[in-house]
Amino acid sequence: MLDKVKNVIVVLSGKGGVGKSTVSTQLALALRATGHKVGLLDIDLCGPSVPYLLGLEGRDIFQCDDGWVPIYTDESKTLAVMSIGFLLKNRTDPVIWRGPKKTMMIKQFLSDVKWDELDYLIIDTPPGTSDEHITVMECLREVPCNGAIIVTTPQGVALDDVRKEITFCKKTGIKLLGIVENMSGFVCPHCTECTNIFSSNGGAELANLAQVPHLGTLPIDPRVGVLAGSTASALDELPDSSTAQILRGIVQHLDALTAVPAIA
């Protein structure tokens, strides 16, 4: 049930291992840190990592008359989370389903979860372009979807896959809000100097080629890695870091597009 959701943002990646779920969770936490009510929906059915990234593993989902009740990270209910990871007995249990069963589960996630009033719903998708993505886009035709953010890394193979994602967005009619280049450079935990370990600026060049905003370049920062397994936002814990600055910029970009003012 998305009738109380003001804005829907889909997060995509061309391939796995680019840090898409980390970006999704930190974006959701950044939106919450700036005064928004946020929902985070993890539809990566075969590799759900959002419960782990937020330290919510082992939490149980309950049903009410209106559907599934998402997991809330705090008493004020400013961040609600839903993932198939909450429905599995063990984190290591594989989800071995064919396409139709995956499609049915995603439709349930989009129609049978009792979201309260949300400023933003962030949908973390599996990598690539598959049945899951097509199902999401079909379901969101009845609900205003603001668009998609693509996460990539500087390597050439990742950038090649992003081109496929851009084509996918065009063919499915979803607006591309921008590209985030992740894992670009390594931040020394001692002096905080950032050193490029892969090629750089690939995300910016691709955004320019596709004529969409380049939302920022996120480095590999061990200090941000320490935040995994908690609901701590880089904006609160590392306010002066480049990661926090980029996330703050993305939040401002989304607020400008959606006309939803931040409180903080």
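Even glycines carry a Cβ here, placed using N, Cα and C.
Here is what Swiss-Prot records for this protein:
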type	residues	note
BINDING	Gly14, Lys15, Gly16, Gly17, Val18, Gly19, Lys20, Ser21	ATP binding site
BINDING	Cys188, Cys191	[4Fe-4S] cluster binding site
Spatial neighbours, same chain, of Gly16 (ATP binding site) - Cβ under 8 Å, 6+ residues apart: Gly47, Pro126, Pro127, Gly128
Distance, Cys188 ([4Fe-4S] cluster binding site) to Gly14 (ATP binding site) (CA atoms, angstrom): 28
Cys188 ([4Fe-4S] cluster binding site) and Lys20 (ATP binding site), Cα-Cα, nearest whole angstrom: 22
Which of Gly14, Gly17, Gly19, the listed binding-site residues, has fewest other Cβ atoms within 10 Å: Gly17
Neighbourhood of Ser21 (ATP binding site) by C-beta distance under 8 A, where only residues 6 or more apart in the same chain count: Asp42, Asp44, Ser49, Val50, Leu53, Asp124
DSSP-derived structure type at Gly17 (ATP binding site), helix or strand or else coil: coil
Cβ-Cβ distance under 8 Å to Cys188 ([4Fe-4S] cluster binding site), same chain, at least six residues away: Cys194, Thr195
Fewest-neighbour residue among binding-site residues, criterion Cβ within 10 Å, set Val18, Cys191: Cys191
Distance, Cys191 ([4Fe-4S] cluster binding site) to Lys15 (ATP binding site) (CA atoms, angstrom): 32
Rounded distance in angstrom between the Cα atoms of Val18 (ATP binding site) and Cys191 ([4Fe-4S] cluster binding site): 25
Rounded inter-Cα distance in Å - Cys191 ([4Fe-4S] cluster binding site), Gly17 (ATP binding site): 27
The one of Lys15, Lys20 whose CB sees the fewest other CB atoms within 10 Å, among these binding-site residues: Lys15
DSSP three-state assignment (helix, strand or coil) for Cys191 ([4Fe-4S] cluster binding site): coil
